[in-house]
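Undergrad: The structure is given below, and queries will be raised subsequently.
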Amino acid sequence: MKPVRGVPGIDFGIREVRGDFPEELEISPLGRPVDAEVRVPGSKSVTNRALLVAALADGVSVVRNPLFSDDPYYLLDALVRLGFDVGADREAGEVRVGGLGGEIPRGGVEVFVGNAGTVARFLPPALALGPGPYTVDGVPRMRERPIRDLVDALRRLGAAVDYAEDEGRFPLVVRGGGLEGGATPVQGAGSSQFVSGLLMAAPYARRTVNLDVQGREKWPYVGITVEVMRRFGVEVGVSEDLRSLAVEPGVYRARAFEVEPDASAASYFMALAAVTGGRVRVPGLGSRSSQGDLRFAEVLETMGCEVEIEADAVEVRGTERLRGVEVDMNAFSDTMMTLAAIAPFASTPTTITNVGHARHQETDRISAVAAELGRLGVAVEERPDGLKILPGPLRPAVVETYGDHRVAMAFAVAGLASPDPVVTIRDPGCVTKTFPGYFGALESLR
Ligand SMILES: O=C(O)C1=C[C@@H](OP(=O)(O)O)[C@@H](O)[C@H](O)C1
Ligand SMILES: C=C(OP(=O)(O)O)C(=O)O
């Protein structure tokens, strides 16, 4: 057993949930249809928005059912380094954040964001509000992930941001001194997180912020941002075509905030129901959810499953034989690899389109899926912005995960669904990014 990657700084009890992982984990087939109610952890996207907005609000907020994993950890660690009063109680499942009404207490701080896109893209706009300077850096992969379009937009809104090393890449130096505001285009093709980050800091700009967002057709993650901001008392003006977003100067109101379960994490269990012809019910995640990744359930419906999305739960019942599907997953690409992992079990090919941005996430996910399905003996066509996956049996292989939690989680589903033991996951500990208890949750289904 080797201890999983350590993160320096304050612990928040997260090291405990991280636990120890083996270097490789063989996935034994489930051997029968799954039939379970599965509680998944709080949404990463909602947690990191709620924590940041709470820090910018005008008093003490309590965030309940937050995700305790690496990505929120990096945000909490940054907030503490910046001088915010933060207390986490993992047993009670809550984090208390002392907000300071848009003030950042300390300047001269180095923050480290790991490989957390939400932290890397949400923090710099907020840091622009503080006295500065701040350096923001991450793991080597984060230095390759897109950031330039956020920096360009921030500069147009009057923030002083520099590249500490290579132009267009992390690490950044945010000089601070406030955000002027005004109107700017924002290119979100590389990541919609640029738009979300700008929106959350926007109430504290000196003037109204108007964002003209470009590069994607749909913006479900921006919808989550707008919803969290609204619940903390700040409205975002949204044009009918969702292309223009306006935030007037204002203050977030501190509050108690409940985080809903993570829809992307739920996708693995829904997929397992689909591929084993079983049943999975996920409580707490339903039609009231703001998470676009719930659309994964609709894809399973198209593949032949019975899906019920109730007000406060989602249930998927599998079918005798899944049909392949052709689907544009641009708006919910975190579930792309979940679909890819069950696609070989379908009766017809599956085609995933419009997910080119997934090449710039934790790893190049299009290449990773093609390589690892290929290793398992599946015929895959890799395309610039998607994949075509042909049905076929899996042969034994050790799956490389490239440090990407979703590669590990998705391919484990394929291993559980296969009739014979075929999938071994290398570096399963990478799941600590968003779901430290994932393999334990799978074991509880046996
Ligand atoms: O705003 C968010 O919470 C997220 C946005 C998405 O990223 P991109 O917009 O970079 O695709 C998603 O992949 C990520 O896991 C979470
Ligand atoms: C793309 C992801 O994460 P990040 O927030 O680092 O972009 C993800 O969780 O699938």
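Yeah, the Cβs are placed from backbone N, Cα and C, and that goes for glycine too.
In case it helps, TrEMBL gives these features for our protein:
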ACT_SITE  Asp334  active site, proton acceptor
BINDING   Lys44, Ser45, Arg49, Ser191, Ser192, Gln193, Asp334, Gln361  3-phosphoshikimate binding site
BINDING   Lys44, Gly117, Arg145, Gln193, Arg365, Arg406, Lys433  phosphoenolpyruvate binding site
DOMAIN    32-441  domain 'Enolpyruvate transferase'
Undergrad: Just checking a number: largest C-alpha distance across Lys44, Gly117, Arg145, Gln193, Arg365, Arg406, Lys433 for the phosphoenolpyruvate site, rounded to a whole Å.
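TA: Max span of the phosphoenolpyruvate binding residues, Cα based, is 19 Å.
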Undergrad: For the binding-site residues Arg49, Arg145, Lys433, work out the Cβ neighbour count at 10 Å and name the residue with the minimum.
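TA: Checked Arg49, Arg145, Lys433; of these binding-site residues, fewest Cβ neighbours within 10 Å: Arg145.
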Undergrad: So among the binding-site residues Lys44, Arg365, Arg406, who's got the most Cβ atoms within 10 Å?
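TA: By the 10 Å Cβ neighbour count, Arg406 comes out on top.
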Undergrad: Which binding-site residues from the set Gly117, Arg145, Ser192, Gln361, Arg406 come near ligand 2, judged by a Cβ under 6 Å from any of its atoms?
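TA: Those binding-site residues that pass the cut-off, since their Cβ is under 6 Å from ligand 2, are Gly117, Gln361, Arg406.
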Undergrad: Please report the DSSP secondary structure of Arg365 (phosphoenolpyruvate binding site), reduced to three states.
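TA: Helix, per DSSP.
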Undergrad: Let's check the environment of Ser192 (3-phosphoshikimate binding site): how many other CB atoms sit within 10 Å of its CB?
TA: 26
Undergrad: Where Lys44 (3-phosphoshikimate binding site) and Lys433 (phosphoenolpyruvate binding site) are concerned, what is their Cα separation in Å, rounded?
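TA: Lys433 (phosphoenolpyruvate binding site) has its Cα 9 Å from the Cα of Lys44 (3-phosphoshikimate binding site).
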Undergrad: Using DSSP and three states only, what is Ser192 (3-phosphoshikimate binding site)?
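TA: For Ser192 (3-phosphoshikimate binding site) - judged by DSSP and reduced to three states - the answer is coil.
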Undergrad: Can you see whether DSSP assigns Arg145 (phosphoenolpyruvate binding site) to helix, strand or coil?
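TA: Assignment for Arg145 (phosphoenolpyruvate binding site) reads coil.
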Undergrad: List those of the binding-site residues Arg49, Arg145, Gln193, Arg365, Lys433 whose Cβ lies under 6 Å from any atom of ligand 1, in sequence order, or write none if there are none.
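TA: Listed by sequence, the hits are Gln193.
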Undergrad: Which of the recorded positions listed here (Ser45, Arg49, Ser192, Gln193, Asp334, Gln361) have a Cα atom within 10 Å of the Cα of Arg145 (phosphoenolpyruvate binding site)?
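TA: The recorded positions close to Arg145 (phosphoenolpyruvate binding site) (Cα within 10 Å), listed in sequence order, are Gln361.
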Undergrad: How many neighbouring Cβ atoms, not counting its own, are there within 10 Å of the Cβ of Ser45 (3-phosphoshikimate binding site)?
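TA: The Cβ of Ser45 (3-phosphoshikimate binding site) has 30 Cβ neighbours within 10 Å.
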